[in-house]
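> Attaching a single structure in structure tokens format; questions to follow.
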Amino acid sequence: MSVSVFSVVSRFLDEYVSSTPQRLKLLDAYLLYILLTGALQFLYCLLVGTFPFNSFLSGFISSVGSFILAVCLRIQINPQNKSDFQGISPERAFADFLFANTILHLVVVNFIG
């Protein structure tokens, strides 16, 4: 069983490296960074506690919101989804991402107090 899992993962990585555009790889690295940041914040919450609760919630909401916005950006700039987003150029999608991210972080900073 482990041989088949290893072969599936190996094939997935080979196809990912060969067929994924560089823009999407960079965005995937950003998504991984945000995911790890959110996981570390949650682990910290479990181990240490949530004494400054608003700060913890703000950081975690920022991680989750940024992850969701980045996934939406990835969907919009993926060349395979070009038919679904005909009226939206990659530059427009990135501008929308920046605007939504700015609004998200204004809310997060306001929530901290």
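Using N, Cα and C of the backbone, Cβ positions are placed for all residues, glycine too.
According to Swiss-Prot:
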TOPO_DOM  1-30  topological domain 'Cytoplasmic'
TRANSMEM  31-51  transmembrane segment
TRANSMEM  53-73  transmembrane segment
TOPO_DOM  74-92  topological domain 'Cytoplasmic'
TRANSMEM  93-113  transmembrane segment
> Excluding the flanking five residues on each side, which residues at least 6 beyond the ends of the topological domain 'Cytoplasmic' (1-30) place their CB within less than 8 Å of a CB in that stretch?
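Distant contacts of the topological domain 'Cytoplasmic' (1-30): 70, 73-74, 77-79, 90.
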> Could you tell me how many residues in the topological domain 'Cytoplasmic' (74-92) are helical, how many are strand and how many are coil under DSSP?
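When I sort the residues of the topological domain 'Cytoplasmic' (74-92) into the three classes, I find 10 helix, 0 strand, 9 coil.
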> Which whole-number mean pLDDT does the model give the topological domain 'Cytoplasmic' (1-30)?
90
> Who are the chain neighbours of the topological domain 'Cytoplasmic' (74-92) in space, where the CB to CB distance is under 8 Å and they lie at least 6 residues beyond its ends?
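Contacts of the topological domain 'Cytoplasmic' (74-92) (Cβ under 8 Å, skipping residues fewer than 6 from its ends): 21, 23-24, 27-28, 31.
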> Please work out the helix, strand and coil residue numbers for the topological domain 'Cytoplasmic' (1-30) from the DSSP assignment.
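For the topological domain 'Cytoplasmic' (1-30), the helix, strand and coil counts are 27 helix, 0 strand, 3 coil.
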